[in-house]
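Asks: A single structure is presented below for examination.
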Amino acid sequence: MTHRSPIFVALDTPEIEHAKAIAAKVRHHVGGIKLGLEFFAANGRPGVREMAALGLPIFLDLKLHDIPNTVGKAMHSLATLEPAIVTVHASGGRAMMEDAKAAAPLGTKVVGVTMLTSLDESDIDAVGFRGNAHDQVTRLTELAREAGLDGVVCSGAEVKAAKKLWPGGFFVVPGVRPADGVVGDQKRVVTPRQALDHGASVLVIGRPITKAEDPDIAARAIEATL
Ligand SMILES: O=C(O)c1cc(=O)[nH]c(=O)n1[C@@H]1O[C@H](COP(=O)(O)O)[C@@H](O)[C@H]1O
């Protein structure tokens, strides 16, 4: 099979058996699985290894954000898991991103989270960032590129501008909802099709698949729109 789906399903649960059950249901309609803080806090490295044994690429979304030494050492400890993708917060700064990339295995893409898709303009203002979401994403995309990362995480509303700045970059887009989907805590939302059209390399999709009555049918339906 040459075609690999751009969808990484976000298995946001502390229950490893639940994560495995969903992964087993959707495995033919997704390109990989994303494990985040919720899963990692409960199941740690052994849990990641168990999920990797299912045979799909692993996106380890730990959004590292600390001083360069700490992030570099944390990445060094994660390296033996050989994830396909790992996240750090781009706002941790250039030196932090450089140390993260230096400590990652060669085959791992290190991507910088720019501006969480759960933030809108008023949240951005409240935390004291300069400019709007678009300004923030483009500035942090430049910084991630200069630091030698592989790409960034941003919403589908900014991915076109980010890709223009960095044509060779790898773009992860969460906050993706089918046209009739429940938005929940996400704020900067686009459809899977729009995200791909605007340049996403990977779509992160969680609840529209994992909370569906039948996750396999939901994943198939989304794939059919791509
Ligand atoms: O890094 C991420 O994956 C991420 C960045 C971001 O800005 N927004 C965002 O929602 N995510 C993750 O993407 C997933 C979205 O899940 P759903 O909203 O359920 O589709 C969650 O696992 C989030 O942790």
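Glycine too: its Cβ is placed from the backbone N, Cα and C atoms.
Keep in mind that what you see is a predicted model, and the values were worked out from it rather than measured.
In case it's useful when we look at the structure, here is the feature table from TrEMBL:
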ACT_SITE  Lys63  active site, proton donor
BINDING   Asp12, Lys34, 61-70, Thr117, Arg177, Gln186, 206-207  substrate binding site
DOMAIN    6-222  domain 'Orotidine 5'-phosphate decarboxylase'
Asks: Sort out for me which one of Pro68, Gly206 has the most neighbouring CB atoms within 10 A, since those are the binding-site residues we care about.
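Replies: Compared across Pro68, Gly206, the most Cβ atoms within 10 Å surround Gly206.
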Asks: Same-chain residues six or more away whose CB lies under 8 A from the CB of Leu62 (substrate binding site)?
Replies: Gly36, Leu37, Phe40, Ala74, Leu78, Val86, Thr87
Asks: Cα-Cα separation of the residue listed as 'active site, proton donor' and Asp12 (substrate binding site), in Å?
Replies: 14
Asks: What mean pLDDT score does the domain 'Orotidine 5'-phosphate decarboxylase' (6-222) have in the model?
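Replies: 96, rounded to a whole number.
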Asks: Quick test of your reading of the structure: among the binding-site residues Asp12, Leu62, His65, Thr117, Gly206, whose CB sits under 6 A from ligand 1?
Replies: Asp12, Thr117, Gly206
Asks: I want to check the contact list for Thr117 (substrate binding site): same chain, sequence separation of six or more, C-beta distance under 8 angstroms. What comes out?
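Replies: In sequence order, the residues whose Cβ lies under 8 Å from that of Thr117 (substrate binding site) (at least 6 apart) are Cys154, Ser155, Pro174, Gly175, Gln186, Lys187, Arg188, Val189.
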Asks: Give the three-state DSSP assignment (helix, strand or coil) for His65 (substrate binding site).
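Replies: Assignment for His65 (substrate binding site) reads coil.
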